[in-house]
Every structure is written in structure tokens, then in C-alpha cells.
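Engineer: Sharing the record's features from TrEMBL:
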DOMAIN    253-591  domain 'Calpain catalytic'
ACT_SITE  Cys330  active site
ACT_SITE  His507  active site
ACT_SITE  Asn528  active site
Amino acid sequence: MSFWNLEIMDPRIDVAFELLEKATLLEKDGSNRIEAATKYYEAVYLMKEVLQRTPQTQQFISIRNLLEQKIMLYSESASRLYFDDNSAPPSIISDPRSPVMGEKKFFNEEQVEKPSRALIQKATKESIQLNRLAANANSRLSRAMDLDESGESKDMIVDAYLAAAKLYLDAIRIAETMPNSSVAVSLKGFVQGALDRVEVLKKTMSEDKLSRDIPKTQKKQINSPSLSAHEKKILMKSSLIASGLFLPWSDEDEHFMSSKSSSLSRTTTELFRDKELLELSEKQKQHFSRWARPSEIMAMRERSGRRQQAPVLIQSISPYSIRQNYVTDCSFIASLCICAAYEKRFRRRLITSIIYPQNENGIPVYNPAGKYTVKLWLNGVARKVVVDDLFPVDAYGRLLCSDTRPKNDVLELWVSVIEKAYMKLCGGYDFPGSNSGVDLFSLTGWIPERIFFPENTSKVRDFETEPERAWDRLYSANSFGDCLITVSATPDMNEARAKQLGLFIGHAYAVLDVVQVSDGTRLLQMKNPWAKDSWKGKYSTSDPASWKNSVLAAEIKYDVELAAKHDDGVFWICWDDVLKYFQNIQLSWNPKLFPSRSTIHGFWPVTLGPQVDTFNIGENPQYVLHLSQDAINKKAAIWILISRHVTKQEQEGAEVTDFLTIHLMKNSKKKERVWYPQRSTTLVHGAYTNNPHGLIRYDVSGPEDEYIALVLSQHNKTKDLSYTLSCFCTESFSLDHMESELPNMRIVNAKWTAENAKGPVGKEAFFFNPMYVMTLSQDSTLQLRCSTMKGFAVNVMLIRVQKTGNNDFRQASMKYGKIALDSGNYRHGFAVTNRAKVAAGTYTIVVSTFNPGQVGPFSVRIASSTALQIKELV
């Protein structure tokens, strides 16, 4: 007990001691060894936290040594209890939610990046413990899968999966006490995946390797509202882009392709050939010999003295074997790498689920006919991209497109097939590159977000994320497995400095892991899609000194000497260097984190609304989001993604003039249109982006947020625009169209002249402004609006006239008129009245400016529910 009598003024030591006492009693009792192991692990974690904060000075050397000894001792105790446990697995098979083997901004490019309370927990004791447990559970699951792949005994593999499941359950117990229930749902998906694998192992050990690697998951029917005829027309029109026609994916397509796979035979003689060959890149052309099918590629390689096995679609899913060749699609290959890493780590079909044909277990299979269908997301929905298996090769049968490193002389095709499908969507192999946020969306349909770091850390803008918060988000995302991460090297880096560090300016890298070791070191594991040319800075294979830290090397399980022998493009880098050299960080979030989701597809003609909506946003497309009482009480997180439909897959650095955003405004149950972009009613002012995707996040504040208007806005609108609006929420909500335009519209175009520009309300001359007589034969709902030059402050008013006296409407309006509708205070450029019901009768409309004598054009629109008559008074 002398250890605990040392003068360590940290309350976590007391908590650790209590946990160790409980663990010891549980271990002696023997009834719940897993629970004992959990207590040991929690104590070890607290001791690691204390060790991290204990000074490395002579005064504290004995304390540090004792802490390290205890950490090692009780870590071994926990490990022994986990892997010797024979207790039955927890019974959660009956959980009604579908398995999620554990998808959110593109925070819009310029706005709103205050972290979401409901999805990113604050750094409380509970959330820190939750992150640590989740990370440890992921590590255990990864170890179980490694054992699974290595062919260890069935009992050992089953025990390893059950140990991972138990850690997830410990994390779930904490998550269920916290506000964000979606985290618990996600963790339960991990448990279900582990138990599914256990069930598969118990049934048979003779399945093929891929079937063992990735357990079959149950499919859940998603009940989403059927598309309207208008939405179907929009999606069909968006199917035709510059590179071809790509129709929306359907469940019938998936069923047909899966059932047809059973009839595939290697004796098939009719080979599928696409209508056109893809345009090659300049680098490909320099080495190009011919287009060849897998059988022809094998024959070419055998003639070159290389022994070949029969081609397969997928031998194994691994990010480490993927390599980019001769095509400048680094961001796409980086995205493919991270998808493969996710699938390998979490055993959820993410990338293999998009290739067809598939067998009865949902596993993609080789097609002797050479025809493959790939599901890619574009213009609001998943779409079908059909390709053949003709690939560009050199004279020796080497592929000139991306592929995997050969293993056992097997030609593996899945990377080449998916890349060809994406390049077909993009118009050919000569595609100069996109960005990984767009690429990941195309591959997964997950929600893209970009992290922006503050230019001035003392003044962080709304859309920026401080480095410390960014680390928390990346670490949490990696722990829970609901996010994919890619980064790009800073484009304004000095070229000589980049070369010295082994980096390539603007180049995209996949993030395979995010870790924080017990001594506080923060590291990211990355991969260069080229499968070579690794980082040369701190913690690289060129820096063995950094790996002499025994704690670091042991926790990371990294052998720097072994890694230095072969440059596969995979490397470790510290967080501080990421902040220096990788300013572009893209995240893609699993939409299943949100139990409630709704999507609307819309069309915005260029003629609808003003070209510049600085003063008038009321004619823009608008929707109203109605939150449930649960969403208000629990202060739910809302994510809103606006995706602009494109006529071609947009290239990195290309000149894109379409800038789109969405504003969040206060609204009411009346669902009235928002006309003025007023600061007082604005919840979130979106920033314009020419990226195809823009995301805004908002945390509900209270009852005042029950109704929220979603207002689309373009910067300098020049052409028709189709779009998809997707809303995600941690609690239930409804998404509806805003009130529709009144059916009858009369437009008056005129101008103020020196004779009739008489100035504002309150002066006698007011009634000698431009005036119009309007007659209603029956009661009607009306709304008036006036547009003019931005330098003119304007008002429009409807006056009820009961006595005219010789048809002198100006005098009658001045003496006997009563205001029926009024746009209120004078406003620059645009004014609008409320929508209201008015009685049948005669009225006058007066259009005025605040400053008398202002000469210029104006336009008055009178919207009504019934027909009306209108004439100008001269």
C-alpha cells in the first residue's frame, strides 16, 4: 500500500484505487470476470492520465516508475480476464434497430461551425471515459479480426469477439446516460456485428475468406416518402450529364443483379463491351499498349515470365494494397483507401456493397462476361454506372489504372472496376481530380464536411474550428467509427519544403487511424494513394529517434525499422504537423447517426426571384422545418445539406460560377414566407460556396425554434438550378414546403419621374406619387410587393376607398381612405406587405420613396386569390 501513500495530489488516484478494490473482489468472486477486467481497465486509464501529468523530474521519478509498473500489472490482469472468460455473450440480438457497424458540413464552406452539442460531446469525465472505452473496444475488435484472418483456433477468435462486444456494452452503459442517444445506437451496431461474426464462426469454418472476413448483415427496409411526379422529373433530368446518362438506382435493380449472379458461369462466351472507350490521361498515353480483359492481361504477363492465378474481383479488402497509377485522381483513391480501411476495421460493407453482381451473401463476384454495375451517388441519389472489364495496359500487361498490389500472383479487379466507373462518370481517365469530400460522397452517399481552421486564433469566426476542438472531433469520429477522414497537403506550401518533408502540394491522403497515447502524444496514421513516397518529418521512418519512446512504440505497435525497409506510403504524423501542413481536412459522416431524415428534390428556374437577393429572399425556394416536442426538449442537433445538381462532375480548380447556400430563419405555424434577410430573425446566415455540397449544423435552443424556415440563396443567379435538400435530426421532425404563391399575379412596371416622385407617407404630396386603382368583385387574399433600385427606400400601400367624388381617387384616398395593407418602414430596394384577406370593393395602390424627387424604375406585383382589375391613375 506504500504506492498509494505517495504524495500525488490528484483525485483520480483515489478513484483508481476504488476501482482496483472492486476489480479484485469481482475477480476473487469469479462470477463476472469481464466486469472485473473492465474495472481494471478503467483504473489503468486513470493511472495513465495521472502518469501523463506527472513531471519527468528527479523528484517524481519513483512515482512515475511505480505508476508504469502498476499500469503494466493491471493491464495484464485485464487482458488475462478478457481472454480467459467463458461466460455467455450478452443477449442483445432482439434489439429492433438495424445493425450499424458503425455519416454530416460540409459545414457550409463559410459559416456555422460551432460544434454540435448533441453529436460531439463536451470534454466531461463521462465523455472522456466513453471515448476511451470506445477506442479500446475498437482496438479489441481489430485484434479479433486479425486473429480471424490469421486462421487462429475458433475458440480464441470467438473469445476475442466477445471481449470486444463486452467493452462496447460498457461504453453503451455510459452513452445511454448522456444526451446523445445516437452514439449508443451506433455502438450497439458494433456489438451486433461482433455477435453476428460469432454466430457465423459457430456455424461453419469452411466459408471462403471474404465471407469470413465480412459477416452478412441484415437489410432493413427504409420507409421514405414516395417521390412526387415533379421530383421524379427533376431526378430524370439530372441523369443526363456531359459524360453520359446515369439513371437512378432502384431496389429492383439490386434484386435483379443479385439474383442473376447465381447463373454466372465461366463458360460464358458473350462478352459485354461498353459503347465507348474512356479517354486516357497523358501519362497513360505515354505507356499505353492496348485495352485488355483480365484473361488477356494474364496471358501477357505469363509471356513476360510471371506466373498467374485466375482473376478474382475481390481477394481481400485492405487499404494497404491500393495504389494509384498514371491517373491524377489522388483524392478519389484516397477516398477509396479510407473506405477500405473502414470496411476492414469495422466489418461493415461500405465499399464492397456498391459493386454488382453479388452472390446470395451480398459479396461481389467475378463476372466472366466482363460486365459490372457500380452504385455511385450523384445529383441527389444513387445512380447506376455500368462498365466493362477492358483496362489500359502496357506491353507487359501492367495496368495503367489504379489497382492493388499483386498477392500470390492473383489479378484482383475491384479497385480498377470502381475507378473505371467513377472515371466514366467524370468523363474519362484524363479527369484532373476533384476533392475528397465530393469523391467520398460519390462512393458512399455520406454527409460531407470540411473543417476550417481560424486564421486568427484570438478571433475565431462562426464557421471555423479551433485546433483543440478539431482534434476532439477527429478523435471521437475515429473512436465511434461513424466518420471517414481525408486530408490534403496545404496548396501554398513552399515546393522545396514540401519535397524535403516528402509531401506533394495539394495531394490528398487517407487517414487510417487517429490515436492519443498515454503520454499525451497525438498521432494520425495516413496513406499516400501512390502506395509510396511517405512523410519524412517527425515520427516518420526517417526519424527513428521519436520511436525510442517505449510507451509510444508499445501502444502503437509500430516497428519503425521494419517499416523503413519498405515504403508503402503508410506513415504516422503528429497532430501539430497536420496543423502546419494539412489545412484541408474533409470528414464524411454516416447519415444513420440521425434517426430522423427527410429529403426533397427541387428545381429553381432562373426567372424565379431577383438575380441578386440582397433585399428580397421571399421568391427563393423556401421550406419549413417543424420540430417535435422531443426535439425541443432534448435540444436536438439539426444538420441540413444542400446539394447542387451538376451537368458534369466538377474538377478541382475548375471555374465554377454557381454559388449556393441556405439560411435558417425563425418561422411560425402559419408557415409564412420570409421576405427580408433580417439579422433579428436569422438563426444561421449561410455562406455561399461553389462546392456541390454545403452543410449547416444547428443546435435547437428551445420552444422558439419549433418552426424554422429554410431559405435557399444564390450569389448572382445566372441559370436554372436543380438541387437536393436533405435534413437530418437526432429527434423527429417534419419538412414541408412553405406557403404557396397566390394563384393570380398582376405585374405593373413603371417609374418615378420628376413630376410624380413626391416622397413619403405623412405629407400631403404623398397621394400624388404613382397611384393605381384596383377593383375586387369578391373577398380576396392579397399581398403587394415592390422592387426598385437598391439606393431607393420604398413603401407600397393599399388604401380602401369608399367615397370617390367624381372619380377623384387621389382626393378620396387622402380624405376618406383607410389603410388595408402597408409594407411598413421604408426599405431599400424592396418592400412587401403581409398576406391578408380584404373585402370586395375599390382600392388604390400608392408606391412611394422616402426621399422626394428620386427618379427611376420600379415594379409592383399584386398577388391575389381571385381575379382583379387594375388601372393606372394619370
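Cβ from N, Cα, C; glycine included.
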Engineer: In angstrom units, rounded to an integer, how far apart are the Cα atoms of Cys330 (active site) and His507 (active site)?
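Structural biologist: Taking the Cα atoms only, Cys330 (active site) lies 7 Å from His507 (active site).
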Engineer: His507 (active site) to Asn528 (active site): how many Å between their Cα atoms?
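Structural biologist: Per the Cα atoms, His507 (active site) and Asn528 (active site) stand 9 Å apart.
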Engineer: Write out the long-range same-chain contacts of Asn528 (active site), meaning residues 6 or more apart in sequence whose Cβ is under 8 Å from its Cβ.
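Structural biologist: Within the chain, Asn528 (active site) has Cβ neighbours under 8 Å at His507, Tyr509, Ser534, Gly569, Val570, Phe571.
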Engineer: Quick one, of the active-site residues Cys330, His507, which Cβ has the fewest other Cβ within 10 Å?
Structural biologist: His507
Engineer: Averaged across the domain 'Calpain catalytic' (253-591), what pLDDT does the model get? Just tell me the whole number, please.
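Structural biologist: PLDDT averaged over the stretch: 87.
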